[in-house]
Amino acid sequence: MEVNRGVETPLVNNNRKIKRLNTLDSYNGKLKLLEVLIWGFLIIYIIPFYLMFINSFKTRREIFADTTGLPSVFNISNYTDAAARMDFLHAFTNSIIITVFSVGLIVLFSSMAAWTLVRDESKKSKVIFYLFVSGMVVPFQAVMLPLIKWMSQISFGPFKMLGTHYGIIFMYIGFGAAMSVFLYHGFIKGIPKEVEEAAIIDGCSKWKTYTKVVLPLLKSTTVTVAVLNSIWIWNDFLLPFLTINGKINTIPLAMNNFFGAFSKQWELAMAALIMAVIPIIIFYFFVQKQIIAGIVQGSIK
(Lines of atoms letter the chains of each structure in order from A and count residues from 1; the text may use other names and numbers.)
(Lines give C-alpha, C1' and ligand atoms only; values in the text may rest on other atoms or scores of the structure.)
Protein backbone atom coordinates (compact mmCIF):
# COMPACT_ATOMS: atom_id res chain seq x y z
CA MET A 1 0.00 0.00 0.00
CA GLU A 2 1.48 3.34 -1.07
CA VAL A 3 1.32 6.38 1.16
CA ASN A 4 1.03 9.78 -0.51
CA ARG A 5 3.56 11.83 1.45
CA GLY A 6 2.70 14.99 -0.49
CA VAL A 7 -0.74 15.25 1.10
CA GLU A 8 -0.81 16.72 4.62
CA THR A 9 -3.47 15.81 7.13
CA PRO A 10 -5.59 18.54 8.82
CA LEU A 11 -3.80 17.83 12.11
CA VAL A 12 -0.40 18.61 10.56
CA ASN A 13 -1.75 21.82 9.02
CA ASN A 14 -3.19 22.95 12.36
CA ASN A 15 0.10 22.28 14.14
CA ARG A 16 1.98 24.35 11.58
CA LYS A 17 -0.51 27.19 11.88
CA ILE A 18 -0.19 27.13 15.68
CA LYS A 19 3.63 27.25 15.41
CA ARG A 20 3.45 30.19 12.99
CA LEU A 21 1.07 32.06 15.29
CA ASN A 22 3.31 31.41 18.29
CA THR A 23 6.34 32.62 16.33
CA LEU A 24 4.44 35.74 15.22
CA ASP A 25 3.29 36.46 18.78
CA SER A 26 6.85 36.05 20.05
CA TYR A 27 8.13 38.39 17.31
CA ASN A 28 5.46 41.01 18.10
CA GLY A 29 6.32 40.77 21.79
CA LYS A 30 10.01 41.40 21.07
CA LEU A 31 9.10 44.37 18.87
CA LYS A 32 6.99 45.88 21.65
CA LEU A 33 9.81 45.37 24.14
CA LEU A 34 12.25 47.01 21.72
CA GLU A 35 9.83 49.92 21.25
CA VAL A 36 9.58 50.41 25.01
CA LEU A 37 13.39 50.39 25.32
CA ILE A 38 13.75 52.93 22.49
CA TRP A 39 11.23 55.26 24.12
CA GLY A 40 13.02 54.83 27.44
CA PHE A 41 16.39 55.77 25.92
CA LEU A 42 14.77 58.69 24.09
CA ILE A 43 13.38 60.06 27.35
CA ILE A 44 16.77 59.63 29.05
CA TYR A 45 18.45 61.62 26.27
CA ILE A 46 15.77 64.33 26.14
CA ILE A 47 15.68 65.04 29.89
CA PRO A 48 19.05 66.90 29.99
CA PHE A 49 18.03 69.08 27.03
CA TYR A 50 14.69 69.80 28.68
CA LEU A 51 16.38 70.82 31.95
CA MET A 52 18.94 72.89 30.10
CA PHE A 53 16.25 74.71 28.10
CA ILE A 54 13.83 75.57 30.91
CA ASN A 55 16.58 76.56 33.34
CA SER A 56 18.10 78.91 30.78
CA PHE A 57 15.10 81.23 31.36
CA LYS A 58 15.13 81.12 35.16
CA THR A 59 16.91 83.14 37.79
CA ARG A 60 19.51 81.38 39.93
CA ARG A 61 17.10 81.29 42.88
CA GLU A 62 14.41 79.65 40.76
CA ILE A 63 16.84 76.99 39.53
CA PHE A 64 17.68 75.90 43.09
CA ALA A 65 14.05 76.15 44.22
CA ASP A 66 12.53 74.09 41.39
CA THR A 67 14.95 72.61 38.85
CA THR A 68 12.40 70.60 36.83
CA GLY A 69 9.48 73.05 36.78
CA LEU A 70 8.72 75.70 34.20
CA PRO A 71 9.96 79.24 34.89
CA SER A 72 7.49 81.74 36.31
CA VAL A 73 8.74 84.30 33.77
CA PHE A 74 10.79 83.50 30.67
CA ASN A 75 13.86 85.62 31.32
CA ILE A 76 15.42 86.38 27.91
CA SER A 77 18.08 88.57 29.51
CA ASN A 78 20.00 85.43 30.50
CA TYR A 79 20.95 84.97 26.84
CA THR A 80 22.13 88.53 26.32
CA ASP A 81 24.07 88.51 29.60
CA ALA A 82 25.67 85.16 28.76
CA ALA A 83 26.63 86.32 25.27
CA ALA A 84 28.23 89.48 26.65
CA ARG A 85 30.00 87.73 29.53
CA MET A 86 31.60 85.02 27.37
CA ASP A 87 32.16 87.29 24.34
CA PHE A 88 30.06 84.85 22.35
CA LEU A 89 30.76 86.25 18.88
CA HIS A 90 34.52 86.03 19.39
CA ALA A 91 34.33 82.50 20.84
CA PHE A 92 31.88 81.41 18.13
CA THR A 93 34.20 82.70 15.37
CA ASN A 94 37.19 80.87 16.84
CA SER A 95 35.20 77.65 17.18
CA ILE A 96 34.00 77.94 13.57
CA ILE A 97 37.52 78.56 12.24
CA ILE A 98 39.07 75.67 14.18
CA THR A 99 36.22 73.24 13.45
CA VAL A 100 35.86 74.00 9.72
CA PHE A 101 39.57 73.89 8.90
CA SER A 102 40.21 70.84 11.10
CA VAL A 103 37.33 68.85 9.65
CA GLY A 104 38.12 69.89 6.06
CA LEU A 105 41.74 68.78 6.37
CA ILE A 106 40.79 65.58 8.20
CA VAL A 107 38.44 64.68 5.33
CA LEU A 108 41.07 65.48 2.69
CA PHE A 109 44.05 63.70 4.26
CA SER A 110 42.11 60.73 5.66
CA SER A 111 40.34 59.93 2.40
CA MET A 112 43.60 60.18 0.46
CA ALA A 113 45.41 57.99 3.00
CA ALA A 114 42.64 55.38 3.04
CA TRP A 115 42.49 55.28 -0.78
CA THR A 116 46.25 54.76 -1.00
CA LEU A 117 46.23 52.05 1.67
CA VAL A 118 43.39 50.14 -0.03
CA ARG A 119 44.90 50.24 -3.51
CA ASP A 120 48.41 49.37 -2.32
CA GLU A 121 47.92 45.75 -1.27
CA SER A 122 51.38 45.28 0.22
CA LYS A 123 52.06 44.18 3.79
CA LYS A 124 53.42 47.64 4.54
CA SER A 125 50.02 49.19 3.81
CA LYS A 126 48.27 46.70 6.07
CA VAL A 127 50.68 47.50 8.91
CA ILE A 128 50.12 51.24 8.43
CA PHE A 129 46.34 50.73 8.44
CA TYR A 130 46.49 48.74 11.67
CA LEU A 131 48.59 51.51 13.20
CA PHE A 132 45.82 53.97 12.30
CA VAL A 133 43.20 51.67 13.84
CA SER A 134 45.26 51.20 17.00
CA GLY A 135 45.24 54.98 17.43
CA MET A 136 41.48 54.78 18.07
CA VAL A 137 42.03 53.05 21.41
CA VAL A 138 44.69 55.42 22.76
CA PRO A 139 43.04 58.04 25.05
CA PHE A 140 44.15 61.64 24.75
CA GLN A 141 44.92 61.76 28.47
CA ALA A 142 47.66 59.16 27.96
CA VAL A 143 49.61 61.37 25.57
CA MET A 144 48.60 64.92 26.45
CA LEU A 145 51.58 65.86 28.64
CA PRO A 146 54.29 64.60 26.22
CA LEU A 147 52.35 66.14 23.34
CA ILE A 148 52.14 69.58 24.95
CA LYS A 149 55.83 69.51 25.87
CA TRP A 150 56.77 68.47 22.33
CA MET A 151 54.51 71.04 20.67
CA SER A 152 55.93 73.82 22.86
CA GLN A 153 59.37 73.09 21.39
CA ILE A 154 58.20 73.24 17.77
CA SER A 155 58.09 76.51 15.86
CA PHE A 156 58.50 77.59 12.26
CA GLY A 157 60.22 80.94 12.57
CA PRO A 158 57.70 83.30 14.18
CA PHE A 159 54.96 80.67 13.91
CA LYS A 160 54.48 78.72 17.14
CA MET A 161 52.36 75.60 17.54
CA LEU A 162 50.97 76.47 20.97
CA GLY A 163 48.50 79.31 21.39
CA THR A 164 47.64 79.50 17.68
CA HIS A 165 44.81 78.40 15.39
CA TYR A 166 47.04 76.38 13.08
CA GLY A 167 48.72 74.62 16.00
CA ILE A 168 45.51 73.21 17.43
CA ILE A 169 44.20 72.44 13.92
CA PHE A 170 47.37 70.41 13.29
CA MET A 171 46.74 68.40 16.50
CA TYR A 172 43.07 67.83 15.69
CA ILE A 173 44.06 66.40 12.30
CA GLY A 174 46.33 63.90 14.03
CA PHE A 175 43.75 62.80 16.58
CA GLY A 176 40.88 62.67 14.07
CA ALA A 177 42.71 60.70 11.38
CA ALA A 178 42.45 57.26 13.02
CA MET A 179 38.67 56.88 13.02
CA SER A 180 38.32 58.72 9.70
CA VAL A 181 40.80 56.47 7.88
CA PHE A 182 39.00 53.44 9.34
CA LEU A 183 35.61 54.58 7.98
CA TYR A 184 36.97 55.55 4.56
CA HIS A 185 38.99 52.33 4.28
CA GLY A 186 35.91 50.17 4.74
CA PHE A 187 33.96 52.00 2.04
CA ILE A 188 36.75 52.32 -0.54
CA LYS A 189 37.28 48.55 -0.48
CA GLY A 190 33.85 48.24 -2.10
CA ILE A 191 34.69 50.55 -5.03
CA PRO A 192 35.71 48.52 -8.12
CA LYS A 193 39.21 49.19 -9.43
CA GLU A 194 37.84 49.28 -12.97
CA VAL A 195 36.24 52.68 -12.28
CA GLU A 196 39.65 54.21 -11.55
CA GLU A 197 41.37 52.32 -14.35
CA ALA A 198 38.84 53.71 -16.84
CA ALA A 199 39.59 57.24 -15.62
CA ILE A 200 43.35 56.68 -16.02
CA ILE A 201 42.82 55.33 -19.56
CA ASP A 202 40.87 58.51 -20.35
CA GLY A 203 43.95 60.53 -19.40
CA CYS A 204 43.23 61.43 -15.76
CA SER A 205 46.18 61.88 -13.43
CA LYS A 206 46.22 60.40 -9.93
CA TRP A 207 44.96 63.68 -8.48
CA LYS A 208 42.15 63.99 -11.03
CA THR A 209 41.16 60.36 -10.48
CA TYR A 210 40.90 61.06 -6.77
CA THR A 211 39.02 64.37 -7.04
CA LYS A 212 36.76 63.55 -10.02
CA VAL A 213 36.08 59.84 -9.50
CA VAL A 214 36.90 58.57 -6.01
CA LEU A 215 35.92 61.53 -3.82
CA PRO A 216 32.39 61.95 -5.27
CA LEU A 217 31.73 58.26 -4.51
CA LEU A 218 32.64 58.89 -0.87
CA LYS A 219 29.88 61.44 -0.28
CA SER A 220 27.94 59.58 2.45
CA THR A 221 31.11 58.51 4.27
CA THR A 222 32.50 62.04 4.02
CA VAL A 223 29.37 63.45 5.64
CA THR A 224 29.67 60.89 8.44
CA VAL A 225 33.34 61.72 9.03
CA ALA A 226 32.60 65.46 8.91
CA VAL A 227 29.73 65.35 11.41
CA LEU A 228 31.39 63.00 13.91
CA ASN A 229 34.57 65.09 13.93
CA SER A 230 32.62 68.37 14.01
CA ILE A 231 30.69 67.33 17.13
CA TRP A 232 33.89 66.23 18.85
CA ILE A 233 35.96 69.31 17.94
CA TRP A 234 33.13 71.79 18.59
CA ASN A 235 32.52 70.42 22.10
CA ASP A 236 36.15 69.71 23.04
CA PHE A 237 37.42 71.48 26.14
CA LEU A 238 40.64 69.76 27.21
CA LEU A 239 42.83 70.20 24.12
CA PRO A 240 42.04 73.93 23.65
CA PHE A 241 42.45 74.45 27.40
CA LEU A 242 45.98 73.01 27.25
CA THR A 243 47.15 74.50 23.96
CA ILE A 244 45.61 77.92 23.33
CA ASN A 245 45.52 81.07 25.43
CA GLY A 246 42.66 83.33 26.42
CA LYS A 247 42.94 85.41 23.24
CA ILE A 248 41.67 82.47 21.16
CA ASN A 249 38.84 81.25 23.37
CA THR A 250 36.52 78.63 21.93
CA ILE A 251 32.93 78.27 23.15
CA PRO A 252 33.72 75.49 25.70
CA LEU A 253 36.58 77.58 27.10
CA ALA A 254 34.46 80.73 27.24
CA MET A 255 31.75 78.86 29.15
CA ASN A 256 34.28 78.14 31.87
CA ASN A 257 33.88 81.80 32.90
CA PHE A 258 30.52 80.95 34.50
CA PHE A 259 32.06 78.52 36.98
CA GLY A 260 34.18 80.31 39.55
CA ALA A 261 35.82 78.98 42.68
CA PHE A 262 33.13 80.38 45.00
CA SER A 263 30.05 80.83 42.80
CA LYS A 264 28.53 79.25 39.73
CA GLN A 265 26.21 81.19 37.42
CA TRP A 266 23.99 78.32 36.37
CA GLU A 267 21.36 80.49 34.69
CA LEU A 268 23.95 82.02 32.34
CA ALA A 269 25.68 78.68 31.80
CA MET A 270 22.39 77.06 30.70
CA ALA A 271 21.72 79.89 28.25
CA ALA A 272 25.26 79.60 26.88
CA LEU A 273 24.84 75.84 26.45
CA ILE A 274 21.69 76.36 24.40
CA MET A 275 23.50 78.83 22.14
CA ALA A 276 26.43 76.43 21.81
CA VAL A 277 24.46 73.31 20.82
CA ILE A 278 22.05 74.93 18.35
CA PRO A 279 24.54 75.16 15.41
CA ILE A 280 25.66 71.54 15.70
CA ILE A 281 22.07 70.27 16.05
CA ILE A 282 20.99 72.18 12.93
CA PHE A 283 23.98 70.78 11.04
CA TYR A 284 23.14 67.25 12.17
CA PHE A 285 19.49 67.43 11.11
CA PHE A 286 20.50 68.50 7.61
CA VAL A 287 22.81 65.52 7.09
CA GLN A 288 21.40 62.75 9.34
CA LYS A 289 20.44 60.46 6.43
CA GLN A 290 23.95 60.60 4.98
CA ILE A 291 25.42 59.89 8.43
CA ILE A 292 23.47 56.64 8.83
CA ALA A 293 24.27 55.56 5.27
CA GLY A 294 27.95 56.33 5.72
CA ILE A 295 28.26 54.40 8.98
CA VAL A 296 26.54 51.34 7.48
CA GLN A 297 28.62 51.42 4.28
CA GLY A 298 31.89 52.00 6.09
CA SER A 299 31.34 49.17 8.55
CA ILE A 300 30.07 46.34 6.32
CA LYS A 301 32.00 46.75 3.09
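Glycine too: its Cβ is placed from the backbone N, Cα and C atoms.
Nobody curates TrEMBL annotations by hand; they come from automatic prediction.
Model, not experiment: these values are computed from the prediction.
Features reported for this protein in TrEMBL:
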type	residues	note
TRANSMEM	36-54	transmembrane segment
DOMAIN	92-287	domain 'ABC transmembrane type-1'
TRANSMEM	96-115	transmembrane segment
TRANSMEM	127-148	transmembrane segment
TRANSMEM	168-187	transmembrane segment
TRANSMEM	213-234	transmembrane segment
TRANSMEM	268-287	transmembrane segment
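Ranking 36-54, 96-115, 168-187, 213-234, 268-287 by CB pairs under 8 A with the transmembrane segment (127-148) puts 168-187 at the top. Nonlocal intrachain contacts for the transmembrane segment (213-234), taken as residues 6+ away from its ends with a CB within less than 8 angstroms of a stretch CB, comprise 95, 98-99, 102-103, 106-107, 110-111, 115, 172, 176, 179-180, 183-184, 187-188, 191, 195-196, 199, 204, 251, 276, 279-280, 283-284, 287, 290-291, 293-295, 297-298. Outside the transmembrane segment (168-187) by six or more residues, the chain places 98, 101-103, 105-107, 109-111, 113-115, 117-118, 129, 132-136, 140, 147, 151, 161, 218, 220-221, 224-225, 228-229, 232-233, 239-240, 243-244, 294-295, 297-301 with a CB less than 8 A from a CB of the stretch.
If you look at the transmembrane segment (96-115), the same-chain residues 6 or more away from its ends with a CB under 8 A from one of its CBs are 132, 165, 168-169, 172-173, 176-177, 180-181, 184-185, 188, 210, 214-215, 218, 222, 225-226, 229-230, 233-234, 240, 250. Counting same-chain residues at least six beyond the ends of the transmembrane segment (36-54), those with a Cβ under 8 angstroms from any Cβ of the stretch are 67-71, 270, 273-274.
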